[in-house]
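Here's what TrEMBL has on this protein:
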TRANSMEM  15-35  transmembrane segment
TRANSMEM  41-60  transmembrane segment
TRANSMEM  67-86  transmembrane segment
TRANSMEM  92-112  transmembrane segment
TRANSMEM  158-182  transmembrane segment
TRANSMEM  202-223  transmembrane segment
TRANSMEM  243-268  transmembrane segment
TRANSMEM  288-307  transmembrane segment
TRANSMEM  359-376  transmembrane segment
TRANSMEM  383-402  transmembrane segment
Amino acid sequence: MFMSGENERTERRGWRIVFVAFALLLAILYDVFFWKAEPTVGFLIFIALYVAVFLVLIQCIKQFRRVWPLLLLVPALVMGVDVLLYNNDLVYYWVPWFVVILLFLFSALITLRNPNRYRLFLSKVNVLTGSDLPLLTKIIDVCLDLFVWKGASRNSRVAKVCIGILISLPLIFLFGFLFAKADIIFADVVRNFFDVQLDASLLWRIFRTALLAFLLSSVFYALIDKGNTLGEKKERVVKIDAIIGGTILGLVNALFLIFVVIQFAYLFGGAEFVLEGGITFADYARKGFFELAWVIGFAALLLLFFYRSAASHGAGAVLKVLKLLLIVQVGVIAASAAQRMNLYQEAYGFTVLRLYVEWFIYFVMIVLAFVAVSMLAKWPFRVFFHGTLIFAVAALAAVSSVNVDRMIARENVERYVAGGKELDMAYLLKLSVDAIPALLPLSKDENQVNLSDEQIWSLDAIVRKGKVALE
């Protein structure tokens, strides 16, 4: 890979220190542009900078192992753009973390060694599973490269002293700061000695930047280390006895069938059936909805357990039929749950949570269909698992690209304006500035008849504030 002997070790160390410098640059940029700051176009530039520099560095040290992990950058960039465009809670609080996870996966997989050409299983990638946890095993190497230059090893006395000094620095800063706050004379002595103004925010800023730089450095060390090698997957899949499995699936299918028969009247009867039966929308749609969601989740896990066993050990025709029957019935129950949510939203309005739950049900229905196709095609479980992961990432990118706050506001305002239905102004006013354009019809006098003076004042204030923010 490099030269030989001492020159090889020196060059390896030189490149590792380059990665440390890169980590420090990232930490400084994060502190300057993103610490407690609103997301701007800098977030997208930060992603592009990281990817470009990382690719150049791994190419220089011949660690560019495969091309397909570059595909992970597509959803990462899509989500990065979403952070700039939208302000809803999902995008503001969670999407940046999803981007970080995708970038980490991209970095781990593109540098992953596979000399034995094993099949890829994420559970056998060391830096993902923690068997070679970067924060614990590589931080010492970072310290050795930075503070010890010759004849160093993790167990040498010099190395241990340097590590002790490094660990003690944040403690010295902490206790020194507290002593300075507790005693003005001590503070004057320290201030005169260093000839700087002690400032809590400055100390905290330096500490967090240094800590982040060390953490990133240790991750980079793990990625370019020989330990970042794909391990062999030894399958230990439980074999389900045909009689036991048939009994379990038969009884579960029987229970599901009884429930599905009852649900068909509700599913196709809709709102009129509910009202004729003397059951309110709230009782029908809200009560039991989350229980159905749990049923769908547990049934999906049961199906995956049987599918994985069959993919490894095979299964008879009876078990396959029972599994397919259960998939169909779970699909009907999922459709029933989605119908419940639709009825509830039509009667009482739309919220972000209700919309996300509805979309999640549709996601589960697609996954169930994929399970059925995989079983009929006799695909290995890993093909199904990786395919589902890809679909999940794509679905998450698609959901984050929806201006959900504006959609919710528009649907609720249209219900109010067109049909005179009740409007939950308290909820709408809690949405982000993305919802402002959809709230503008409420500024018309004819649409404010049923609004209180307080709601009108709050609406006007938020519209004015939103217009300024959007400008």
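Note that Cβ sites are derived from N, Cα and C of the backbone, with glycine treated the same way.
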(message) Does the transmembrane segment (243-268) come close to the transmembrane segment (67-86), meaning at least 3 CB pairs under 8 Å for residues 6 or more apart?
(response) no
(request) With a Cβ cut-off under 8 Å, give me the same-chain residues at least six positions beyond the ends of the transmembrane segment (243-268) that come close to it. (result) 274, 284, 299, 302, 306, 309, 315, 318-319, 322-323, 325-326, 329-330, 332-333, 335-336, 339
(message) Within the same chain, where does the transmembrane segment (92-112) have neighbours whose Cβ lies under 8 angstroms from its own Cβ atoms, ignoring anything closer than 6 residues to its ends? I mean 6 or more beyond.
(response) 39, 43, 47, 50-51, 54, 58, 63-66, 69-70, 72-73, 75-76, 79-80, 82-83, 86, 125, 127-128, 219, 223-224, 228-230, 393, 396, 400, 432
(request) Determine which recorded stretch among 41-60, 202-223, 359-376, 383-402 has the most C-beta pairs below 8 angstroms with the transmembrane segment (288-307). (result) 359-376
(request) Give me the stretch from 41-60, 202-223, 359-376, 383-402 with the greatest number of Cβ pairs under 8 Å to the transmembrane segment (15-35). (result) 202-223
(request) Quickly jot the same-chain residues contacting the transmembrane segment (383-402) by Cβ under 8 Å, restricted to those at least six beyond its ends, or write none. (result) 72, 74-75, 78-79, 81-82, 86, 90-91, 95, 98, 102, 120, 307, 311, 356, 359, 363, 366-367, 370-371, 374
